[in-house]
Amino acid sequence: MPTLFISDIHLCAERPGTTRLFLDFLRGRAADARALYILGDLFEYWIGDEAVEQDEFRAVIAALRALTAGVPVHVMHGNRDFLMGARFEQATGCRLLEDPTRIDLYGTPALLLHGDSLCTDDTEYMAIRAMVRDPAWQQAVLAKSARERDALFRRYRELSKAATAAKRPEIMDANQDAIVAAMKQHGVRHLIHGHTHRPGDHHFRLDGAPARRLVLGDWYEQGSVLYCDASNWMLESLSLANPEMKRART
Ligand code: MN
């Protein structure tokens, strides 16, 4: 049975096609997996765990709950949904994962990250990342009303879009030195992450031996799934129009 990895689904009411594709995926492919890993930005934004009761997420929460009855589902925070907490875990049966986490994948040690920590060339973003991941900042935000948080996150989203549009694309990609440093620190030759929305299968040399970095794509125009079993790792895309799996190597 395969282990599946996805990230950057960015679920929200504005993209009902993505929600439908994700629900099909949870009820279909994911139900036959050994485990599912969601490496951040499952939600476009998450105001706090009251969101488990928001209408726009009701079907997804129920589908995750149904899936976790038979399949372990591990969820990492992204830079959009970093306020997912214990109530999210209870409502869905998912388990939150630290960023980064090292796992054993059929005998191969692999490091899992959301990926934003690798984008070290984007110093402005790294400062924001440090702020929003600070427990004191998070406590202060959670002390606000749900309505205030909703307004706050919508504003951040607009600011983030404007900042992203103004930056050169290269500086928002993962930095090779940061990639190598993370791999060495955790003693791995395999890295899996999302965040950059640049799906890819990168092979390179690390200290003279082969190393590999798999980058998951976002779910804006299609789904992106990394399929791993004991002999094969393959990045696949799921068509939005037709949820049949297409075996497209990216
Ligand atoms: Mn992200």
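For all residues, glycine too, the Cβ spot is worked out from N, Cα and C.
The domain 'Calcineurin-like phosphoesterase' annotation in TrEMBL covers 1-199.
Feature annotation from TrEMBL assigns Mn(2+) 1 binding site to ASP8, HIS10, ASP41, HIS197. In the three-state DSSP reading, ASP8 (Mn(2+) 1 binding site) counts as coil. Taking all protein chains in view, 25 other C-beta atoms sit within 10 angstroms of the C-beta of ASP8 (Mn(2+) 1 binding site).
If you look up TrEMBL, you'll see ASP41, ASN79, HIS114, HIS195 marked as Mn(2+) 2 binding site. In the three-state DSSP scheme, ASN79 (Mn(2+) 2 binding site) is classed as coil.
Within its own chain, ASN79 (Mn(2+) 2 binding site) has GLY40, ASP41, HIS114, ASP116, ARG129, VAL132, HIS195 as residues 6 or more apart in sequence whose C-beta sits under 8 angstroms from its own. Marked as substrate binding site by TrEMBL: ASN79, ARG80, ASP122, SER160, THR164, LYS167, HIS195.
Remark: HIS197 (Mn(2+) 1 binding site) has ASP8, GLY217, ASP218, TYR220 as non-local neighbours, by Cβ distance under 8 Å and separation of at least 6 in sequence. In this structure, the CA atom of SER160 (substrate binding site) is 14 Å away from the CA atom of HIS10 (Mn(2+) 1 binding site). Long-range Cβ neighbours of LYS167 (substrate binding site) (same chain, at least 6 residues apart, Cβ-Cβ under 8 Å): ASP122. Cα spacing between HIS10 (Mn(2+) 1 binding site) and ARG80 (substrate binding site): 8 Å, rounded to the nearest whole number. Sorted by the number of other CB atoms within 10 A, the binding-site residues ASP41, ASP122 start with ASP122, the lowest.
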